[in-house]
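Colleague: Below are the features I grabbed from Swiss-Prot:
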- A11, S12, G13, K14, T15, E16, R120: ATP binding site (BINDING)
- T15: Mg(2+) binding site (BINDING)
- D33, R57, G80, R142: substrate binding site (BINDING)
Amino acid sequence: MKKIVLVGYMASGKTEIGKLLSKKVNLPFLDIDYLIEESLSKTVNEIFEEKGEVFFRKKEHEVFKNKINSKQSFILSLGGGTPCYAENHLFLQKDDVISIYLKGSVATLVDRLKMNKDKRPLLKNLANDELAEFVAKHLFDRNFYYSHCKYTIIIDDKSPFDIVEEIHKILF
């Protein structure tokens, strides 16, 4: 049984890499945001707007805990904040979990986030010139939680295919 959990900040490529890895290793790919949306029949943006972040984080924890304690094999992409709440970071160190932090520099992440920040509840009200400071602060605050991953892969200047190859080497 393989439980591969991809961790990283917004726009680190978790979803794209998860989908590519899924095809390569023949495991189902799951995205925690999609699982939450499916369980509530609402988008993440709608959940944030209607119920607030605290409600969202509680639901996120419940979904993550249920999935990680299941007997299934999968590749799971977490939200950027998932490890930082409700002691979710402790699940990253379970014996049957392979947790991988996709680590990007502030510059890389800001470049990627500028393209679709309207789809990100935490960013949609920020001006582009505020993004770098916001991302840098978040990365600093979240480093403790992200560092609980068993593996770290630097994503700067690498294609998704190169990153998938690095992960494949870890797995096999």
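Glycine residues also receive a Cβ, built from the backbone N, Cα and C atoms like all the rest.
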Colleague: Is it possible to get the count of other C-beta atoms within 10 angstroms of the C-beta of T15 (ATP binding site)?
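Modeller: Its Cβ shell of radius 10 Å holds 15 other Cβ atoms.
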Colleague: Considering the binding-site residues E16, D33, which residue's Cβ sits among the greatest number of other Cβ atoms within 10 Å?
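Modeller: The residue with the most neighbouring Cβ atoms within 10 Å is D33.
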Colleague: Provide, as an integer number of angstrom, the distance between the C-alpha atoms of S12 (ATP binding site) and R57 (substrate binding site).
Modeller: 20
Colleague: Compare all C-alpha positions of A11, S12, G13, K14, T15, E16, R120, the record's ATP binders, and send over the largest distance in angstrom.
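Modeller: For the residues that bind ATP, the greatest Cα distance is 16 Å.
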Colleague: Where D33 (substrate binding site) and G13 (ATP binding site) are concerned, what is their Cα separation in Å, rounded?
Modeller: 14
Colleague: Find the longest CA to CA distance in the recorded substrate-binding set D33, R57, G80, R142; express it in Å as a whole number.
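Modeller: About 19 Å separates the two most distant Cα atoms.
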Colleague: What kind of secondary structure is D33 (substrate binding site) part of, going by DSSP in three states?
Modeller: helix
Colleague: Which of these binding-site residues is closest to R57 (substrate binding site) if you go by CA atoms: G13, K14, T15, R120?
Modeller: R120
Colleague: With Cβ-Cβ distance below 8 Å and at least 6 positions apart along the chain, what are the contacts of G80 (substrate binding site)? List them in sequence order.
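Modeller: Those within reach of G80 (substrate binding site), by Cβ under 8 Å and sequence separation of 6 or more, are G8, Y9, M10, S12, H138, R142.
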Colleague: How many other Cβ atoms sit within 10 Å of the Cβ of R120 (ATP binding site)?
Modeller: 15
